[in-house]
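Please read the structure below before turning to the comments.
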């Protein structure tokens, strides 16, 4: 039996129950498999051991490490009377922390429950810590008591390109752990792109301006880079899980390595290009940042108005029309902040009740990386011509080439991921190799006879690639 899904304005409520089942569906089906039914189509998997909440612990550790390091660095700035660095560091530390408390409280719906201790700890900005302890307690208690009831979750398991419908019996403790995982995924994204990215940019800029490396500042930059990479990784996983809601999704270690290299190179190159440009043309970087922010903020709303859509009624039972609009604005702000530094992996569709466009738009992905590569090249070139004397001992041409090569490698690892390591690549109608082959084939078809020979086939391939490259089998 299925559980009813309650939609939410920022996708948490809309996908909460479904993603709980999706996360739980990572249980290995070979551990406890029932014989096939009479039709030979359905396998029933009994509850197996609960997976440890590693993602919850990792998110909490990154949150605490970044918060504590930034707080100590603020005290050092205060002692050295660096008011500007201290003010910005404090702002980039507190703003995401407050937003994370609000997000966790909203997702778990604690305002209507009698939990004064949890709410008090959220006021002290310790919400992730108490949530992590709750998840650990649930994990160690799971399986020791008989579950009062279970829920049946149906998913399709992919093996060697063959889809097998399967059923999982999910207990209440497993569902609660999945709810914690999903909440911390949202918190990790907020921490990464509303706190860690501006913090990393600020500290790198301060290091260049002050012309020396402070060890505590270097530690904070490393922590923020890890946090951003993890947040981008979570975006990719959420995008895959949302698009392939009916399938059991599991990433292999090679896929994680490819994702980490892709995202790490992309973010490091982007932040470095912005910081170098800001050291040469300080005021112009504000214009560049605001143009990026405003473009990606209004893009979903422009598409929403172009489609002449309307906000779904009762998108959240506790929200008015105005409240829903405010929450959607906050959601699009997060979407814009992600796209300033890296590809968000999802596209918003405000006309849909789940707010997420399920189809992968290859044309938009290619356009994003093409324009971003050109923008980074332009920023680095302007820095090269207007750089200060501080870089006279640095081989500037070599640095420019290294940044461009690193961003090109990020694109290469992205293509490798979609070609070889995507967990649902067997469901693609066309993969990266087909797209590249189609483009090369079109360039080689120059004679009139060749154009008459395969015009319809080429047109059909291009249309299918651009329209829907990820149709399910």
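Glycine is treated like the rest: Cβ placed from N, Cα and C.
Automatic prediction, not curation, is the source of TrEMBL annotations.
On a predicted model such as this, the values are computed, not experimentally measured, just so you know.
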Task: 398-421, 422-445, 446-469 - the one TrEMBL records as transmembrane segment - done: 398-421
Open item on the list: Between 119-140, 141-162, 163-184, I'd like to know which one TrEMBL lists as transmembrane segment.
Closed with: 119-140
Task: Of the residue ranges 33-55, 56-78, the one that TrEMBL records as transmembrane segment - done: 56-78
TODO: From the ranges 218-242, 243-267, pick the one that TrEMBL records as transmembrane segment.
DONE: 218-242
Task: Leading stretch by Cβ pairs under 8 Å, where the reference is the transmembrane segment (218-242) and the options are 84-107, 119-140, 284-302, 322-346, 366-386 - done: 322-346
Task: Chain residues outside the transmembrane segment (84-107) and at least six past its termini with a C-beta under 8 angstroms from it - done: 10, 12-13, 16, 63, 66-67, 70-71, 73-74, 77-78, 119, 122-123, 125, 127-128, 131, 179, 182-183, 186-187, 190-191, 194-196, 198-199, 202-203, 206
Open item on the list: Would you say the transmembrane segment (119-140) and the transmembrane segment (284-302) are in contact under the rule of three or more C-beta pairs closer than 8 Å, pairs 6 or more apart in sequence?
Closed with: no
